[in-house]
Amino acid sequence: MSGSSARSSHLSQPVVKSVLVYRNGDPFYAGRRVVIHEKKVSSFEVFLKEVTGGVQAPFGAVRNIYTPRTGHRIRKLDQIQSGGNYVAGGQEAFKKLNYLDIGEIKKRPMEVVNTEVKPVIHSRINVSARFRKPLQEPCTIFLIANGDLINPASRLLIPRKTLNQWDHVLQMVTEKITLRSGAVHRLYTLEGKLVESGAELENGQFYVAVGRDKFKKLPYSELLFDKSTMRRPFGQKASSLPPIVGSRKSKGSGNDRHSKSTVGSSDNSSPQPLKRKGKKEDVNSEKLTKLKQNVKLKNSQETIPNSDEGIFKAGAERSETRGAAEVQEDEDTQVEVPVDQRPAEIVDEEEDGEKANKDAEQKEDFSGMNGDLEEEGGREATDAPEQVEEILDHSEQQARPARVNGGTDEENGEELQQVNNELQLVLDKERKSQGAGSGQDEADVDPQRPPRPEVKITSPEENENNQQNKDYAAVA
């Protein structure tokens, strides 16, 4: 009974197979594990569908299954063995590759480690100190454009490895300095010597960048910096700095300063406090700026000659003026002289002031006289023009109806004569009233005053006769 029950339980378990499937002709595909369950995969066609979904081959659906070594084609599901390797292909033929070695990690052989431990041997090995080795610092040069004495020099850092490539050095110089002629093709020293390779470049020196044009030999060194500090080899400090002009320290010698410091140290037994590093750097920066200013002043004094004729007199004769005759001055030559060199002129300020005072007094007297006249005979002065206007209006009114009514010219002339007589009487009265008080003063004040015009009324016929007489005279 027990044997039959074991057989029945064994037959009732489903059959499950696991295989590794590769792609046909793909040497980089490591394979895909596919599980074949008896209940789910009942036929070979269903197995092909499962492999198609698992492999996802670029050629499409899987139609054939091959063995990896010989390429034998499998046609039934029973031929597949659990744990085996197979190749899935489409309609194409089998491609023979070493599928079993795809994706396998090759293990390196283990190195034999020597288990013996040697004792430490103490020995003195002579090795040069690291600080003594020269550092590969970049080469620092200062560049000046050809013919440029105004702009300051530009600083350029060139790596040591780049010095062997001269074209690359010229390219770096072109990027640093812009020339009108274009790129930089040559480098010259300040003396005009051509630099042909990077090995000739010296650290901390000045060079002139030249393009396609020729080198312009100008006093670059005199105008930009002092010659004493120009040629100093790299890594060597200056032995002594020039004294600062105008400072108290430059007046005394170094021995005096040393003696003062020793005396001060003997007097004061207490130690002096240490100064901060920042203050020391500030003092050094101030000294450097003063030194630069002194160098510029010294260079400017060297370039400008100290002569009595000044800077406006040329030092040498020009080629254009060679052989030309000098034009001599004569009496007609006009020379502009400054104001402080002109002869003094005497100005009659007193006479002009007296004349101005007299004119002002005369004006004041005349204005006062007019004011008195207006106050005294204000009513008469205001009535006189009104009387004249009334007489004129009356005469016009009388003259118009006479003409209209057909009066004769003799009657009109008599009426005009009467009007003129009346006007003359009014003017005479006015003159007498004004001349009684200030007739003499007015004559003294303004002797050249023109007489007042007399008002005379003429008839239209007289005007026509006068016009005809003038025309006859013009024709004659």
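Numbers run from 1 along the shown chain.
Using the three backbone atoms N, Cα and C, a Cβ is placed for every residue, glycine included.
Here is what Swiss-Prot says about this protein:
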COMPBIAS  261-272  compositional bias 'Polar residues'
COMPBIAS  279-289  compositional bias 'Basic and acidic residues'
COMPBIAS  296-306  compositional bias 'Polar residues'
COMPBIAS  354-366  compositional bias 'Basic and acidic residues'
COMPBIAS  415-426  compositional bias 'Low complexity'
COMPBIAS  446-455  compositional bias 'Basic and acidic residues'
DOMAIN    17-100  domain 'Doublecortin 1'
DOMAIN    139-221  domain 'Doublecortin 2'
MOD_RES   Ser270  phosphoserine
REGION    234-476  region 'Disordered'
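Sorting the domain 'Doublecortin 2' (139-221) by DSSP state (H, G, I as helix; E, B as strand; all else coil) yields 21 helix, 25 strand, 37 coil. Mean pLDDT across the domain 'Doublecortin 1' (17-100) comes to 88 in this model.
Across the compositional bias 'Low complexity' (415-426), the DSSP tally of helix, strand and coil residues reads 12 helix, 0 strand, 0 coil.
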